[in-house]
Ligand code: SF4
Ligand code: SF4
């Protein structure tokens, strides 16, 4: 396998990248301010709204959208469906970056941050906490991903010995790399099981963990598609449409299962009346389900749509939007009536999120340009993915 | 297990209990009202006396409700905390240990009565709520608030005995009370029990709620964690081995 190794590490500077660096630097300032002066100074959180923007976006949405990593890993590394291999590394990279951001976001949100390590200790009874499980799984999974990524890094660093060590670790890591996300993606839903009688019954369900798990799985292909299209644009490459098209078909099936379970759940809890009562809750719920699940599911199901770049991207945008809206609805819309009070994020809250995203984009660019992440184009001509062999190039 | 019985029909709204709480627990007097219609629990107001103007039959009456932590029999706050900062003591009070608290505020989301409050302005905020004067109760004394109530609206004792007494008061005074002891069954039961002559929903209580405790509800899902983890890992290993030969080797490059 021939790699084109450039001399030394490279990072191309462009106008956009300078802008992202600026955004990130401002966010670093805001984060320092938050850590020094506390949550009251840096956020609009209050006693009615103890959880707000950072938990909703940086943690719940961040983890869900990073679901592309484990759903792709499941198909490629567990089921050995090599036809999806061309996108596996990019999916792993964005997922890993996503989780690192989630951990930083979580750190920003905890009030007594010098105690962040405490939940790693097991206190009597602390294992009953859903958050205990979430915290452990997310931390471990981030480590697993860093190790998986290590095997890619050591291709580039050319230490055969280390590369062998990493490769030997891979099979158990692959298994952990699916088990852990399965647990915490669902546990993020379990977090809201305690809000029984308070979270609007359109969203509250004892099956919340299953819904969070399934939606994090089907948003994976959509995220991989969007990342793929952005990378294609940025690096002047072809989108891997045949691979992605097959991937979103898997996603569409999971969406279908999700939809059926949702309907059964609503019916079981007699909520169909509430569904069409015209309240803000019901309208946002319908928007989420129709616009974010049913429409993209149908689009993914139609071959001519999912085989065109336009259709693929549009349906993926809808899917991602639907999952974002779902998490927002659980944290805000569904809780508003019970919590009362008022909350709208402070600019500093938005700024931290923007800074974290900027950091992710910069890190992605650096890693893709210096490590073998994206498949070598000559091996994967559009329309005919290679079945057995996937090779990777360093782009940029 | 100790508890307190609050008889809303006896409360005159003087606020002595609030003063006693502030003094005993050394809490600052902040701007948030602790008496009246706008009284609100905050990090500094562990208990407040809230006024409600309600109609009873033809007349309109004032009623005063002392609010504080209910000290649940199976507290949601304690089961939600991943650092075990909240603890249900055998004596009854649910108490907080600031040393281990991480400040994630999941306890605030989990409490079905929205009791825990946060020191938002502090650099390292604590979660704050009524501790039911744990050190007094442990020594067999009544909480500070109960000891100063001039109207006999608060009664401290064994929870079982108080529950029995509450039901007797309802039975012996036909027509005086609504036939409900709030806290007997709500979310699995609480150490603080309430009697009232006007329906509880008019007094800011959350009624028609689950009688299953919150820890019990979340246990229904968390009990699956280990079986799912083990089972899923086994299934994945089997799938991994079964499909290994297909579709090309792992290290294809
Ligand atoms: S009322 Fe809330 S804070 Fe008090 S013990 Fe129950 S769950 Fe905990
Ligand atoms: S804020 Fe503190 S007490 Fe509350 S759940 Fe988090 S760690 Fe536990």
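Here, residue 1 is simply the first one shown, and the rest follow in order.
Any Cβ shown, glycine's included, is placed from N, Cα and C.
TrEMBL annotations: computationally assigned, not manually curated.
Quick look at what TrEMBL annotates:
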type: TRANSMEM; residues: A:19-39; note: transmembrane segment
type: TRANSMEM; residues: A:51-78; note: transmembrane segment
type: TRANSMEM; residues: A:90-110; note: transmembrane segment
type: TRANSMEM; residues: A:130-153; note: transmembrane segment
type: TRANSMEM; residues: A:165-183; note: transmembrane segment
type: TRANSMEM; residues: A:203-226; note: transmembrane segment
type: TRANSMEM; residues: A:247-264; note: transmembrane segment
type: TRANSMEM; residues: A:284-302; note: transmembrane segment
type: TRANSMEM; residues: A:309-330; note: transmembrane segment
type: TRANSMEM; residues: A:350-368; note: transmembrane segment
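Cβ atoms under 8 Å from those of the transmembrane segment (A:165-183) belong to residues 67, 69-70, 73-74, 77-78, 133, 137, 140-141, 144-145, 147-148, 150-151, 154, 213, 216 of the same chain, restricted to positions at least 6 beyond its ends. Sequence-distant contacts of the transmembrane segment (A:247-264), counting only residues of its own chain at least 6 positions beyond either end whose CB sits under 8 Å from a CB of the stretch, comprise 71-72, 75, 84, 87, 207, 210-211, 214-215, 217-222, 224-225, 289, 293-294, 296-297, 300-301, 306, 312, 315-316, 319. Cβ atoms under 8 Å from those of the transmembrane segment (A:284-302) belong to residues 202-203, 222, 248-249, 251-252, 255-256, 258-259, 262, 275, 311, 314-316, 318-319, 321-323, 325-326, 329, 333 of the same chain, restricted to positions at least 6 beyond its ends. Only sequence-distant pairs (6 or more apart) were considered; of these, fewer than three Cβ pairs between the transmembrane segment (A:19-39) and the transmembrane segment (A:309-330) are under 8 A, so the stretches are not in contact. Long-range Cβ contacts of the transmembrane segment (A:309-330) within its own chain (Cβ-Cβ under 8 Å, at least 6 residues beyond either end) map to 56, 60-61, 64-65, 192, 199, 203, 208, 215-216, 218-219, 221-223, 225-226, 229, 239, 241, 244-245, 248, 251, 255, 281, 284-285, 287-289, 291-293, 295-296, 299-300, 302.
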